[in-house]
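Worksheet: the structure to be examined is printed underneath.
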Amino acid sequence: MKKLPFLIIIIYIFLILISISSSIDYNYNNDIDNNNNNIINRNKNKNKNNLYNNKVIIKNDDNDDEINNKFKIRLDDNEDQDIYNEYHFLSKVHNRLAFNIFGSSSENSGSGSNSNSNSKNTDSSTGPTPSPISINGTLNSTATVYWSGGKSSCKSVNCTEEGFSTGDSYACSYEITPTYQRGQWEKGVKYFKDPLPKSILTSQVVGVSFVINGVVGCTPLKQELTTIEFLIQDVQVGQTISTNRSDDCSCGICYKDYEILPQSYDLLGYNKSGLNKVQLLLLDNSICATSLDIIFYYHPSTIPPTPTPTPSKPTISLLKKYLIIGFSIVGGLLIIGGCFLLIRNRYRSSGYYKPDKNDYTQIKDGKDIDIHQIKIGVRIGKGNYGEVYLGTWRGSQVAVKKLPAHNINENILKEFHREINLMKNLRHPNVIQFLGSCLIPPDICICTEYMPRGSLYSILHDQALQLQWSLLIKMMIDAAKGVIYLHNSTPVILHRDLKSHNLLVDENWKVKVADFGLSTIEQQGATMTACGTPCWTSPEVLRSQRYTEKADVYSFGIILWECATRQDPYFGIPPFQVIFAVGREGMRPPVPQNGPPKYIQLLIDCLNENPSHRPTMEQCLERLESIDSSGYSDLQYVRQQL
């Protein structure tokens, strides 16, 4: 053991000598190889840019045999000359044609005809069509927004028979009757996060294209064209789009793709770090849509080619010498430090570790916090991981959470310290305020602000309280703001244990998110109580899939259900059965019978099986703020029976 550090140092010096001897030839040969590769890549890119970027795919439903069809296409580039190119196509089983050569999109069937078999308007004119921009040599990133709420009037088999695709949900820009609602169109406005890579500048973006997954021309009594404009951040993208296509709109979940060619876009007012507003604005006629794809085209970052170097005698520069010396010194220090840590860790593991004053965590004003400075009062909470006490520190009431001695070990201390460093940097009115901590065993604790009304769970289950809908919605708005702050932090903080027990309420009924930093630690060595965390956990996480922001949205939906019913989710069902029923069989709590319709619909959307179809927390906040709760009676607590 004592000879191990010296052996590591000898090996390190040997590797440094080898690297110095080989650096000359390697750098010289590598420079020549890199230059040759640059020349080859430039030639490849040059040839690639010469390719014409138009593609035509025709598939025919009328015949399953391979029929040789002729189709003539006149390209816009040859409009001054009567030049036609003849193409041959093999027909197959599908009838979808994405036809973009003339700057418009149409759906075609048969063996090459460009007329629309579903169109009720025989006029082939589509009005002025914006000229496409060149996207040669670009990459693209896509953001997708979804519409929902439309009443389904057909099954997926109808979509297959008619050659459509089947969507999960939809909304229309019009209604048939007030009782036959066509979803939450909301003037075609949706919000999306920037899909571009963080390294891409707005100046590298050349344009945007769109794909409407839906049906167009939905007002059969109107004979005019369907006229559409696309706006991002209230700025129109490209020109007005017109089409005479008319689809069968009776079945909203059945859709086709309506593709819009790339349009120029200068990203005026575009938000690279947050949400952006997109609007599908109908000027004439109407549509039904399941989703909208927003495709950004951008030039990748390029490195200018370097001139071919003239082979010269391989030499090593003075700068390289200094770099090698510097790296050697730094590497040596790292090895010495590593050896020290190795010896200290072995010393600690043998039972001789004694923490010192440096284990205190500094609070925000730069002063140490000592557990002996806090006057511990009555116990106000208890969990599997420890106990929470009401304390008095510097004349103010605080909450002190203590870890039990039997849970304390070196790994717990490291995780505890990491989470404290995260918590002390968070400042938001709807996030519990961290005051300080102590890491000296056995007094391992954190100190936070005291919330006199306790948890939201205790309020919902207080028989003496009658809660108004306006108050419940206000508290949910507070909770949404707190979670949004965590999701937008750097790095992103995923709560992972969002439930009514972890939403604390102050004397003014303001809700603050708590226990987002310690949930992983607190579960170690703990046994879940009846109806524990699985009741708030999303189905994909119960299936051991990746935890994302949408998992927190699902947990938020369960809390919305708790507020609407003042009951425990899955009451009386053991946790292991909840895991199977929710994760594998799609079980959900029953839909509440009383409450504002917008609130109930938001609750349902948050519990969607598909994470991508759940709203974001920003959308949850926006929808909560728009709810009118007037006219709904107060919610009373009703004891649940097994």
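Each residue, glycine too, has its Cβ placed from N, Cα and C.
Residues Asn140, Asn488 are shown; Swiss-Prot lists N-linked glycosylation site for one of them, Asn140. Note on proximity: among Asn158, Asn244, Val388, the recorded positions of the record, the Cα nearest Asn136 (N-linked glycosylation site) is that of Asn244. Around Asn271 (N-linked glycosylation site), the same-chain residues at least 6 positions away in sequence with a Cβ under 8 Å from its Cβ are Asp194, Gln233.
Working note on the glycosylation sites Asn136, Asn140, Asn244: by count of other C-beta atoms within 10 Å of each C-beta, Asn244 ranks first.
Ranked by CA distance from Asn158 (N-linked glycosylation site), the recorded positions Ile380, Val388, Asp497 have Asp497 at the top as the closest. According to DSSP, Asn244 (N-linked glycosylation site) is assigned to coil rather than to any helix or strand.
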